[in-house]
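Q: So TrEMBL has the following annotated:
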- His117: active site, pros-phosphohistidine intermediate (ACT_SITE)
- Lys11, Phe59, Arg87, Thr93, Arg104, Asn114: ATP binding site (BINDING)
- 3-140: domain 'Nucleoside diphosphate kinase-like' (DOMAIN)
Amino acid sequence: MAVTRTFSIIKPDATRRNLTGAVTKMLEEAGLRVVASKRIHMTREQAEGFYAVHKERPFFGELCDFMMSEPVVVQVLEGEDAVTRNRDIMGATNPADAAEGTIRKTHALSIGENTVHGSDSDENAAIEIAYFFKPEEIVG
Ligand code: UDP
């Protein structure tokens, strides 16, 4: 299996509850390495641009408001088959459906306030990493 990268966000519900370390520990224990990380407060432009794929969905406005409500931690994660590995440790979008031991089952509050974002394909990972990080900010 190839070593690849994925993009992660520790969302406002987690930073607000001081769970940055707890979430990062779960990512690391799943075999992912944090090769870039920064805490930012998203602007409306950043949130709407990042989630542009969802702009026709009924939850778009609420999702962008939530992502701008408190700081987030954006990260680049590296590991074997990083996208799939991260999706596995994140768990299902709705924490009620997430498997035991996943980040969302353990920490998420609701389908909206669900603690983490993770890219869903290698192609989107590359786009999302470039949206928030300059190449020199990633130190593998
Ligand atoms: N979301 C929401 N309501 C929904 C579905 C999604 O608020 O009914 C939010 C939720 O925060 C989710 C994000 O929109 O993480 C992106 O949705 P997606 O279906 O891409 O889920 P993910 O890839 O994050 O599991």
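Glycine residues also receive a Cβ, built from the backbone N, Cα and C atoms like all the rest.
Any TrEMBL annotation is an automated prediction that lacks curation.
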Q: Where ligand 1 binds, which of the binding-site residues Phe59, Arg87, Thr93, Arg104, Asn114 are close by, with Cβ under 6 Å?
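A: What lies within reach of ligand 1, judged by Cβ under 6 Å, is Phe59, Thr93, Asn114.
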Q: Using a 10 Å cut-off on Cβ-Cβ distances across all protein chains shown, tell me which of the recorded positions (Lys11, Arg87, Arg104, His117) has the largest neighbour count.
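A: Compared across Lys11, Arg87, Arg104, His117, the most Cβ atoms within 10 Å surround Lys11.
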Q: Taking every protein chain in this structure into account, which of the binding-site residues Thr93, Asn114 has the most other Cβ atoms within 10 Å of its Cβ?
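A: It comes out as Asn114.
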Q: From the DSSP assignment alone, can you count helix, strand and coil residues within the domain 'Nucleoside diphosphate kinase-like' (3-140)?
A: 64 helix, 28 strand, 46 coil
Q: Cβ-Cβ under 8 Å from Phe59 (ATP binding site), same chain, 6 or more residues apart: which ones?
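A: Set apart from Phe59 (ATP binding site) by at least 6 residues yet with Cβ under 8 Å, we have Gly112.
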